[in-house]
Amino acid sequence: MAISLIFIFGLLGNITTGLVYLSPVKTFWHIVQRRSTEEFESFPYISKLLNAYFWVWYGVVKPNSVLVATVNGFGVVLEIIFLIIFLLFASTRRMRAKTGILVGILDVVFPGVAVLVTQLTFDRDVQIEVSGFLSLCFSMVAYASPLSAMKTVVMTKSVEYMPFLLSFILFVNGAVWTVYAVLTKDLFIGIPNGSGFVLGTAQLVLYAIYWKPNKSSSISKETTNDLEDVLQHHQPLITSNS
């Protein structure tokens, strides 16, 4: 029974995390159509790729954690595609150069050295600890975005920059992976996703307090970019849990 519950919640987590990874598709379709990244930033996708790398590594080295590796492997592929599109359609040469340098350092050199040194130097138990710790750390860093969104809601008394759907996804994703972490007794998955569940709950409470009927359905491009930053966090969540 316990094994079946672990599989069920791991599968549900794969679905919710997969949806979060897919969230920027609309933005990148916009970039392809306009053939320009305009004001969008590449760093959220660079950090999300790094986070996904470490969760894939953790899922591979830790026994019975295939479901952690699968969804983040999917995320790795998507983030690489997103970054290739970003490099192809960067609005300026400076932006293209900056993105290329950051990708090289954060998504190639750093994870490559970390994985190589750990795999060649330490035994499997230490590999699990190192990969889990790095995954946890980079997932927690991603929570700066939802916290920033919550601060904006309180200051403006408006939920314009914190859509209900994104808050709900954060809540569900965090809850699913927290249950998975409890069943598998995995603190590396439980800590970031438990935090995500708490943040998701807080966001839903703020939404209930400050929600007002929209007078206009239009959302600025800048707002859309901010919202995707929030999802990066989920990713972490997602990524984290994942």
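Glycine too: its Cβ is placed from the backbone N, Cα and C atoms.
Since this is a predicted model, take the numbers as computed values, not measurements.
TrEMBL assigns the feature transmembrane segment to one of the listed ranges (128-149, 216-237), namely 128-149. Long-range Cβ contacts of the transmembrane segment (189-211) within its own chain (Cβ-Cβ under 8 Å, at least 6 residues beyond either end) map to 68, 135-136, 139-140, 143, 146-147, 149-150, 153-154, 157-159, 162, 164, 167-175, 177-178, 180-182, 233-234, 236-237, 240-241.
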